Amino acid sequence: MVRETVLDPMDMIYPVFVDETISSKQGIESMPGQFRLPLSDVVDEVCELIELKIPAVLLFGIPAEKDDLGSSALDDEGIIQRAVKAIKDAVGDKIVVITDVCLCEYTSHGHCGIVDGKKILNDPTLEQIARMALSHAKAGADIVAPSGMMDGMVSAIRNLLDEEGYQDTLIMSYAAKYASSFYAPFREAADSGYAFGDRSSYQMDPGNSDEAIREVELDIMEGADILMVKPAIGYLDVLYRVKTTFGMPTAAYNVSGEYSMVKAAAMNGWIDEKKVMYEMLLSIKRAGADLIITYFAKDIARYLEGLDG
Ligand code: PBG
């Protein structure tokens, strides 16, 4: 009766990897229970989410072609654009479609921006990601989610969307995204490992929290509709500060490494997977998340419905 925080499937967003190069679903080794899907499986997956009362899907694309500029990300017939159209044609507004807007899955070097030698260039990347976002909006995406941590990405996207008549497409910004080692399994999942260096010239230093507030404030001024803190578990203090400081819709990304650690420990019989999953997601919500992006979305929905565990 007096519990302050209650989890609901409606809080969850499920990440889905759509792979242009496969014809049947493929398990992701470092993320047991997660898969890359061919385009032909995407609508079925989304129908399962709707049945579980999960309100939104976050789409990541693995293209057949990669190059230095990530050109395939901007193709109106690209893998994500086709996936969005297929979902919207099949189920319309029964699910909110969010697309990841970042070049790292589409560039041959695996970085989130255009590079010059070993340097990642901020400003030349902005036009590229704005055009990528526009192409997703044209396909029917409800929300675009820029995850590359380029300065000015939110305003570049907002301006182009508005100019082209997509005022109603929302932006969920990865506003405080840390250069974290917890993303390692994702890079296998999305085939976005990088050829050199790391992401610390554009993602945040894990030691900084005041900087996160400044990053978030900039994104709000640039027009972000939903803010995100990522990763979640190691950064609950940042999440709490962001939510209490701005009172904006706030999402937290329960990232791949957080998922895989729970899975690995559970597979060894060291922890109770379902209870740890529940406690972890409950803690993220208690710290201030309105929305939780999690690979556990389907499992927690079943657990909360009493269908499992
Ligand atoms: C791409 C991106 C990453 C994740 C989401 N979008 C990887 C990265 O920044 O290297 C990580 C998600 C996860 O670990 O679950 N920019």
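Count begins at 1; order follows the chain as displayed.
Placement of Cβ uses the backbone N, Cα and C atoms for every residue, glycine included.
Between the candidates Cys47, Cys112, TrEMBL assigns the Zn(2+) site shared with Cys102, Cys104 to Cys112. Under 8 Å, Cβ to Cβ, and six or more positions away along its own chain, Cys112 (Zn(2+) binding site) finds Cys102, Leu103, Cys104, Ile120, Thr125, Ser147, Gly148, Met149, Met150, Arg199, Tyr202.
Taking the Cα atom of each, Glu215 (Mg(2+) binding site) and Lys177 (active site, schiff-base intermediate with substrate) are about 9 angstrom apart. When the recorded positions Lys177, Arg187, Ser256, Tyr295 are screened for a Cα within 10 A of the Cα of Lys230 (active site, schiff-base intermediate with substrate), the ones that qualify are Lys177. Sequence-distant contacts of Lys177 (active site, schiff-base intermediate with substrate), defined by Cβ-Cβ distance under 8 angstroms and a gap of at least six in the same chain, are Ser147, Met149, Gln203, Met204, Met228, Val229, Lys230. Secondary structure from DSSP puts Lys177 (active site, schiff-base intermediate with substrate) in a beta strand. Cys102, Cys104, Ser256 are the recorded positions among Cys102, Cys104, Lys177, Ser256 whose C-beta comes within less than 6 Å of an atom of ligand 1, given in sequence order. Reduced to three states, the DSSP call for Lys230 (active site, schiff-base intermediate with substrate) is strand.
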